Structure formats: C-alpha cells, structure tokens
Amino acid sequence: MENSFKAALKAGRPQIGLWLGLSSSYSAELLAGAGFDWLLIDGEHAPNNVQTVLTQLQAIAPYPNQPVVRPSWNDPVQIKQLLDVGTQTLLVPMVQNADEAREAVRATRYPPAGIRGVGSALARASRWNRIPDYLQKANDQMCVLVQIETREAMKNLPQILDVEGVDGVFIGPADLSADMGYAGNPQHPEVQAAIEQAIVQIRESGKAPGILIANEQLAKRYLELGALFVAVGVDTTLLARAAEALAARFGAQATAVKPGVY
C-alpha cells in the first residue's frame, strides 16, 4: 500500500501527469499505458461519482502510474468515501486558507489524528481487512494536495504551507486568472508572475508545487522553477483536437475553438 507518488514528491522527483475527464474506466486504462507518472481523476468538473472513480481506480491499478483524485469539494463525507474505495492521493479544490487546508488533512486521517470514519471491513482500500495493520499504516500513506485558485488563497499561501500533512500545493491557473480579472487568459503577464512566484515559494517551503498546463513551453518553464507534479494535457482536449485535425484533413470544418489552459 506504499504511496509511490507521495514518495516521489518527497524525494524531489518531478512527476508528469494527464487529466482524465471522460469518466470512463475503459479510456482510463487505455491512457494508463501511455507512460505518464500520474493520472488525475476529476470529480469537480467531470461527471464522476464514487462508483465511476472506483472503476477507474481498478482500471489503472495494474499499471505503474499513480491515480490522483479530485473531489468536487473539501467535504469530509465525500473524501471518506473516496478513500475507502482506494484513493491515496487527493487534490482538494478551492482551498482558501490554513483552516481549510487543515480540515482537508483531518478528513484523510483516522482518529486521533483526524476524523476519517473507520469502515475498513467494507473498504477496497484495506482489501477488506486483508492488509495487516491497515488502520495503523493508512495515515502515513495519504497524500494531500490542496488547490489555491484565488488572490485570497495566494495571500494566505505562507500559512497554508505551514499546515502539517499538506504534501503539495496545486495552482489552478484557470480560476486564478479569472479571479485576477483575466478570465480565459492565464498567460497574462500578471497571472504568470503570480504563478511563478508561488511555485518558487512552495518549493522553498519543502512542499511540492503542482499545476495543470497544456502549453509545452510553460510546462517546461514551471518544471525549471521547481514544480514537482505537472499535468501536461487533458484527455477530452486530446481527443477533440485529434478528431478535428483528422476531419480537417478531409475537408471538414470544426467549430472554432479558443485555446485555453487545458
């Protein structure tokens, strides 16, 4: 049950990932063989629930890449269910301050360190109580990544970084750019300056910085600055653009698409 993704971040080894939004175990397994270090199963903006997350975790399990799951909100009940089906690494969205970061950590820990309910006899995570001492080992293998996506969260970053149990901080460029007044333009110089400053600050604190960016040049720039988990594409975008390109080669006209962060 060792969390190799958490170990890689702790060792300072950059991890390259892909975002999964198709909500399909079939496509998740297909992409698990592509060679990425981690795959993000999105429960915030993709039509996922606990059952579809479970089937994708099962599909990815035979492969070396590590799944990361994003719940729809920083909700301890939802987090408990996601952990019980086997999630070890969580990306918690829209964390605004240290208190909210602390709540996210507590939701992943069994008492007395946290508030995670004990139901290991029913849980895939414990292999239905077949993992010896699961209740004693589970806390140490949980990896908590919190998402900062607003100016308020950026202002509170030093306090968020001080929260014990937060393994990494993920910068959400789409929401951050919107909050800064540049919706749809995460490459605006002011947004980029804020992102770069945050990456350096997070890395210097000893935590792992992360981001999603489909722009190859920017992805490499963030890695140079010290980002440790970088998602470089989204399955829905890859499929849509590849299909449009194929159709265009035979004269078809696709609906115009404005390039974005994804």
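In case you wondered, yes, glycine gets a Cβ from its N, Cα and C as well.
When secondary structure is read from DSSP and collapsed to three states, HIS45 (active site, proton acceptor) falls in the coil class. Swiss-Prot lists HIS45 with the feature active site, proton acceptor.
DSSP classifies ALA174 (substrate binding site) as helix under the three-state reduction. Positions annotated as substrate binding site by Swiss-Prot: GLN147, ALA174, ASP175.
Marked as divalent metal cation binding site by Swiss-Prot: GLU149, ASP175. Cβ neighbours within 10 Å of ASP175 (substrate binding site), excluding its own Cβ and spanning all shown chains: 19.
If you look up Swiss-Prot, you'll see ARG70 marked as site 'Transition state stabilizer', on the strength of sequence analysis. Around ARG70 (site 'Transition state stabilizer'), taking its Cβ as the centre, 26 other Cβ atoms fall within 10 Å, counting all chains.
For ASP84, the entry in Swiss-Prot reads site 'Increases basicity of active site His', with the evidence type sequence analysis. For ASP84 (site 'Increases basicity of active site His'), other Cβ atoms within 10 Å of its Cβ number 19.
GLU149 (divalent metal cation binding site) counts 21 other C-beta atoms within 10 Å of its own C-beta, drawing on all protein chains shown. Proximity to HIS45 (active site, proton acceptor), judged by a C-alpha distance within 10 Å, picks out ARG70 from the recorded positions ARG70, ASP84, GLU149, ALA174, ASP175.
Same-chain residues with CB within 8 A of the center of the GLN147, ALA174, ASP175 CB atoms, the substrate site residues themselves not counted, are PRO93, MET94, GLU149, ILE171, GLY172, PRO173, LEU176.
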